[in-house]
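Noted in TrEMBL for the protein shown:
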DOMAIN    B:321-429  domain 'ABC3 transporter permease C-terminal'
TRANSMEM  B:15-37  transmembrane segment
TRANSMEM  B:49-70  transmembrane segment
TRANSMEM  B:310-333  transmembrane segment
TRANSMEM  B:353-385  transmembrane segment
TRANSMEM  B:405-427  transmembrane segment
Amino acid sequence: MADTEGCADREAGPSGGLALRVSGLTVRSPRGRVLLSLPSLELPGGTLLGVRGPSGAGKSTLLHALAGLSAVAEGTVRWGDTDLSRLDAEGRARFRADQIGMIFQDFLLFDELSAQDNAALPALFRPRAERAGLRARAAARLVGLGLSDTARSVASYSGGERQRVAIARALAAGAPVLLADEPTASLDRAAADRLIADLTGMARAAGTTLVAVSHDERLIARMDRVLTLADGAPVTGAQAA
Amino acid sequence: MIALWDSLPVLAQDIAVTLALLLPGVLLGAGVLRGFAPWPLVRAILWRFRGPSVLFVLLIALSVGMGIGLLAQERGLRQGTAQAADKFDLIVAAPGSELTAMFAAVFLQPSDMGLLSGDTYSAIAAHPSVTLAAPLAFGDSFGAASIVGTTADFVRHLSDERIEGRLWRTAEEAVVGALVPLEIGGRFAPSHGTGDAAEPDGHDGHESAVVGRMAPTGTPWDRAILVPVEAVWEVHGLANGHAPERAGQIGPPFDAAYFPGTPAVVLRAASLGASYGLRSEFTRDGETMAFFPGSVLAGLYRVMGDVRQAMSLMALVTQGLVAASVLLGLFILSRLFRRQIALLRALGAPRRFVFAVIWSFSAVLLLAGAAGGLLTGLGAAQLLSAAVTSRTGVAVAAGLGWTEIQFIAAFVSAGLALSLLPAALVLRQPVIEGLRA
Ligand SMILES: Nc1ncnc2c1ncn2[C@@H]1O[C@H](COP(=O)(O)OP(=O)(O)O)[C@@H](O)[C@H]1O
Ligand SMILES: [Mg+2]
């Protein structure tokens, strides 16, 4: 199967999230250098995809392209019925707000805000009618992730707690797609294990499509499929092994 | 339209102008913030950059305060001086500078002036439409207080008859201004000359007793000691204004032959029309000049008005420079914040939201700075007024006027509009680089 080249099939997840169809994707640096070239990638909705590869392989570049953040990209990235390449920057932002949750290696929280406010951050720019619902879901996610005392500023939180706030934020909007860039890299082993369990557990429970970039074999092992990148291109199964 | 505008009360006009100046800022804010609730983020950014934020607010407050302070002070000075000249309808003096004569008679800052003769004085005093003709005599002092010789009628007029104690009956009695540090019943010996040039023993042996005190007038006369004009003349060894057979008389009529001369006569007329008549009548080449202190002050204000415009322009330029440096600072600050801004974009925040956050940040600094500037300006004006009052005795009340409010309204609107710039610049930063940073 040409379009799953580089992906090691594991087990198909429950379908609730958006399906992904990437074809002929080429991402260039502002100066024109090719950072990532991905001829084809197809995921059924609800799939958990692990992305691994050496540093500089283009993993983050892939996530940015999947989120519609790349400035210079050719080819198509289609989530469900939406072709990101046909949307302008504002349209892609709206799509992200509605459909995509993102998690970063260093959490990217506002230290000055409480866990509750961080998790409900998108409420600040969502239509007024959605704000209360979003806050309620964020609060529920925080509780679901075992965080209490969420009115406290996140400055005092541990790394594991911060990343759980970031997950709550990514899930609060009820997005059917979750993109995670090395979510355990800043955590100690115990916190990383807990996070892996939370992340994959929640994604599976909600049927979310999850693309997680990670060096962490324990996280990769929990994924349905794995894509290995090297030098901005997928590596075939044989090479990856 | 113009007729309608002119028919409005002044207060309504002032309010309308203020609102019109504020309107662009308000509309801008409403447009930028529509549909968003950026305050928690703005608060977070303010708190994270509290050091630079406070610095910016102080900078804006200082520059706005300078503008406000100058405007308020200038107006206070105008009102104070106009109020001080209020009791001086018409002044007749020997030909020379009206300004010099006004400073001497109204503000008690005498300089060498020619004298009006006894005949001239008698002609003035005898004029049918003159109701008060008070000669003035300067030259002596007690401590910081100038001693001014005049008539009892003038003291009554100056104080609106609000006198504690009584008026003088002899040449050895005096009435003091409200701020003179002498008690009723106290005695003082005049020094010849005023200020540093005063000679304490200039008039040996001569002493006067304080018999009354004027209520405060808010004029330099509050710091003066008023004595019968005869006393000043006598102390200087001159004739005392009366023939020897009536040597004990105090006050008018004066005898032209024994009248030593006066630098200025303060006149009151029965009516405004009569005042104008007197002015033209006593404006005589080579003999006398007559002028309204109010018009001399108005001329002075015109000159001051030009200076004020130059100062306002300078204040505006300063404000522009401060605003520009603050905006530049904001832009640099927002570079430090670009990961969070990139995060907002990654979370799907519309560009307009990020724009609103940065703009609100500068708006808060501007508004806080403008409010601080209002207080700073009023404080500065108050200090300046106190200094002017203590130096000249002119009561200067530098309060908040519509000019200042409008100045601030214009500053706020212009600042809010200028803040669009750094906010727009921030949006040009690429999202991915912000995320990688
Ligand atoms: N804005 C950029 N301009 C030029 N090169 C970039 C830019 N961003 C990333 N790169 C390069 O693209 C390659 C892939 O980067 P990245 O996707 O971050 O790798 P990974 O996440 O796999 O470590 C690297 O060689 C990196 O140096
Ligand atoms: Mg990376």
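Placed from the backbone N, Cα and C atoms, the Cβ positions cover glycine too.
Ranked by Cβ pairs under 8 Å to the transmembrane segment (B:49-70), the stretches B:15-37, B:310-333, B:353-385, B:405-427 are led by B:353-385.
This prediction places the mean pLDDT of the domain 'ABC3 transporter permease C-terminal' (B:321-429) at 86. Away from its own ends, the transmembrane segment (B:15-37) comes close to residues 8, 352-353, 355-356, 359-360, 363, 402, 405-406, 409-410, 412-413, 415-417, 420 of its chain (Cβ-Cβ under 8 Å, at least six residues beyond either end). The DSSP breakdown of the domain 'ABC3 transporter permease C-terminal' (B:321-429) into helical (H, G, I), extended (E, B) and coil residues amounts to 92 helix, 0 strand, 17 coil. With a cut-off of 8 Å between Cβ atoms, the residues of this chain six or more beyond the transmembrane segment (B:353-385) that come close are 29, 32-33, 36, 38-39, 41-42, 45-46, 53, 56-69, 71-73, 76-77, 80, 326-327, 330, 334, 341, 344-345, 396-400, 404, 408, 411-412, 415-416, 419-420, 422-424, 426-427.
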